[in-house]
Amino acid sequence: MARRAAAPAGPLGDDFSFVSPVAKYVLFFFNLLFWVISVVLVAVGVYARLLKHAEAAVACLAVDPALLLITVGVLTFLITFCGCVGSLRENICLLQLFSVCLTIIFLLQLAAGVLGFVFSDKARGKVSEIINGAIVHYRDDLDLQNLIDFGQKEFSCCGGVSYKDWSQNMYFNCTASNPSRERCAVPFSCCLRDTSQAVINTMCGHGMQARSYLEASAFIHTNGCIDKLVNWTHSNLFLLGGITLGLALPQLVGIVLAQLLINQIRDQIKLQLYNQQHRADPWY
């Protein structure tokens, strides 16, 4: 007599879930943290933007730090919103959108790093173009002015290629027809630091463009910021690599958690469909 085949093992109950609460809530709080950061970035950017004069805001859109904060904040807000809601509601579409956006951002960062290394000369030219544009709008935007002053102080430099690049600014232009009281001057952030002075002399850069390199070097930094920036980059490759890794690691963690949660949700859907189709089976 033929032996009866063994009955299949009973299916998992309706109360069983493939979705791991750990993966779900880690991804949720991970996105919630960056969602809060994005709101702060947007708030700071909007506040800084509202403090600017309308004409200055229009003239300096390309190099406006406030606009950069708003853009990064809004993008981060939208992406992390998809991650928060998608993980909490176990929504595959939102999780896929979140994962795809993070993947695109990661690949763009990787491509930018590779292209910047391969085409270093063109990258240097682009940096020079940005710095020259910032010099032109130095007096038009207080945030930009503070950013340039901070950079020139930290890198002990002045201008793009040299201190005479400040002649591109209408206030510091060194032509005889310039009526500005700052004609042939450079910002005080170009000046050599005198630790004995209790009060900063903001007039120390006046007339420096009219002097030769040797004469001006006794009072200000004559080397441009581009070479200083390149040298600093070469000297701090490990630091830059660590920062890059620190930015990429959260993105990779988010992508992995999102894909893990998506697979778990799909398995849960399959389980629910299986249970619905086999409720009438004798072994159910």
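Using N, Cα and C of the backbone, Cβ positions are placed for all residues, glycine too.
Per TrEMBL, the features are:
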{"type": "TRANSMEM", "residues": "25-47", "note": "transmembrane segment"}
{"type": "TRANSMEM", "residues": "67-88", "note": "transmembrane segment"}
{"type": "TRANSMEM", "residues": "94-119", "note": "transmembrane segment"}
{"type": "DISULFID", "residues": "C157-C190", "note": "disulfide bond"}
{"type": "DISULFID", "residues": "C158-C174", "note": "disulfide bond"}
{"type": "TRANSMEM", "residues": "237-262", "note": "transmembrane segment"}
List, in sequence order, the same-chain residues at least six positions removed whose CB sits under 8 Å from that of C157 (disulfide bond)?
G151, C190, H221, N223, G224, C225, D227, K228, L229
Might you list, by sequence position, any residue in that chain lying six or more from C158 (disulfide bond) with a Cβ less than 8 Å away from its Cβ?
Q152, W166, V186, P187, S189, C190, I220, H221, T222, N223, G224, C225
Any idea which of the disulfide-bonded residues C174, C190 has the thinnest Cβ neighbourhood at 10 Å?
C174
